[in-house]
Amino acid sequence: MKIGVIIHRIGKKIRLGLNRLFILVGYTVTFVLVVVFFRRGLPSAPTRVLVLEHSTDLLDRGSCFETWKLALYRGLTDPYLERIVVHLDTDMSIADVQVFRGLFQKLKAQGKKIVCYAQAIGTLGEVGLSGYYLGSCANQFYLGLCGHIMLEGASIERLYFGKCLKNLGIKSNFVAQGEYKSGPDGFTRSNMSVQEKAMMHRILTRWHGQIIKNLIEDKRLKPSVLKAGMIDLTCSAQEAKKLGWVDQLASCWSQVKHQYCPDAESSDAKTYIQNKKNIWTWGYSKLLHRHHIGVLRIEGELGSTLLNTQQFCDQLVEVSQNPAIKAVFILLNTPGGTSSAAEALRYGVMCCRIAGKLTVIIMESVAASGGYWIACAGEKIWAQPATLTGSIGVYAGKFDVQEALAHWGVGFGFVGLGAGSSESLYTSWDQEQRKRWEKVTSFGYEHFLLLVAEARGMSKKTVHALAQGQVWTGEEAKALGLVDNLGHFSDALEWAKKEKSTLKHLEYVDYTPGPRYSLRWIVSALKDQVSKILTEICKKSQKLYTLIYP
């Protein structure tokens, strides 16, 4: 009898304990779900209209084009999106325009409508030739009622400080490998060299041909009218509509937004991208798409403080070791920089390739010099027709400011040991030092030639003919064998999924490390540094005050 009572009591306590455990687990699960919902968001209403306009915050304007691209990539797979409305009020590179034109063409092929608006075309402070180049491919192209079109061709400009530096008492000491390597010219010359002028004219001619070809494909105007107008056209908004350069006129951007963008169904680019991140799509991608494609963006001058080479290299190595990443896409937008930074990033790209991941390089506006050095590690290289690439060459140098300092009464004393001890900003190279630097740059140049020859399957002699520092458009680079395909990220992604069936249903994930370095980041960093310095000054002042007045 007693044993039965004891067993009953034990069973009761076990049931009570289990009930409490289930309650605790229930509360915990509920808490986790609430947190996830708040972080990921509830499923949002579908966006019918995507609005692409520049931020009113000047500090955010620089990165808006990348946000636009991400939103349009998202739009390619969004069955609910019906219309994209674009405000053109800032110039962009020709290569960027070609990216947007390519995306607009794909969206139009899906039945989505493109509407563009520009207040005026071609005036200072307004959008220029790039605005018309992009707006022309829209279903509806609006021009400001009080605006105009002023197309006067295109030009490339550069400043030369050689004489200015000489007048200031600053001497330039530079050596370069490659007849067309014009990087140092800005410091050593006072005008454009014959070689650089010929190269720039060739690039402008190529760009002009690409623009004319694409505008003819838009079928707005007759080829003869287009060719004449792109060189010399000045007309009012009313004349532009009458002649067929634009479709409609509007008083302002607000009128276009009011007509095409109902508040309940429209989103700006940032909101549209974030709408994708809700609990349902997040859970779907985590459960069914554990494997994915990694994307990294390398942007800025290589070796500069705004592009942390070591951080990017470490990230590339980590990506190469991640078994969930089946392919790596690297977007390059850099004019080059130090060879050491380029080599470190090339090593990171090679790690991904050696790990057996499909490694694709996508060149954006520019991927020249050190940018092409990195690209050599890719399995395939993609570029836009207007991308600037090549510039295969090396240069090095320094300034001598001793004379400038002497003008202000600043003297210079020197004690050294060894032939290279005078490598400072207060002395110029002698003949021996110049020869040593020519030797050093020739080492780097030879290494660059070998990298390109091996990566592109060319002889060193063939590469040497192309590697005199010339800058090539993407279209020319493809013809020369320096680039594999022409197209943007979306094109490269489609190609990869056709090449490898295992990538067909995979999503892509951005692995670009750290914050996007923008003007806001720089101001914030400077503010932090100034605050730190002022704090130190206050502390030291307080200690001094205590010392003097105990």
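Heads up, the Cβ atoms here are built off N, Cα and C, so glycines get one too.
Just so you know, TrEMBL annotations are computer predictions that nobody has curated.
What TrEMBL records for Lys181 is active site, proton donor/acceptor. Note on Lys181 (active site, proton donor/acceptor): other Cβ atoms within 10 Å of its Cβ, all shown chains, come to 26.
What TrEMBL records for Ser369 is active site, nucleophile. In sequence order, Gly183, Pro335, Gly336, Gly337, Ala342, Ser391, Ile392, Gly393 are the residues near Ser369 (active site, nucleophile), counting only same-chain partners six or more apart with C-beta under 8 A.
Residues or ranges marked as domain 'Peptidase S49' by TrEMBL: 107-251 (among others). Averaged over the domain 'Peptidase S49' (107-251), the predicted model reaches a pLDDT of 91.
Positions annotated as domain 'Peptidase S49' by TrEMBL: 356-500 (among others).
The transmembrane segment annotation in TrEMBL covers 21-38.
Helix, strand and coil content of the domain 'Peptidase S49' (107-251), in residues and according to DSSP, is 61 helix, 31 strand, 53 coil.
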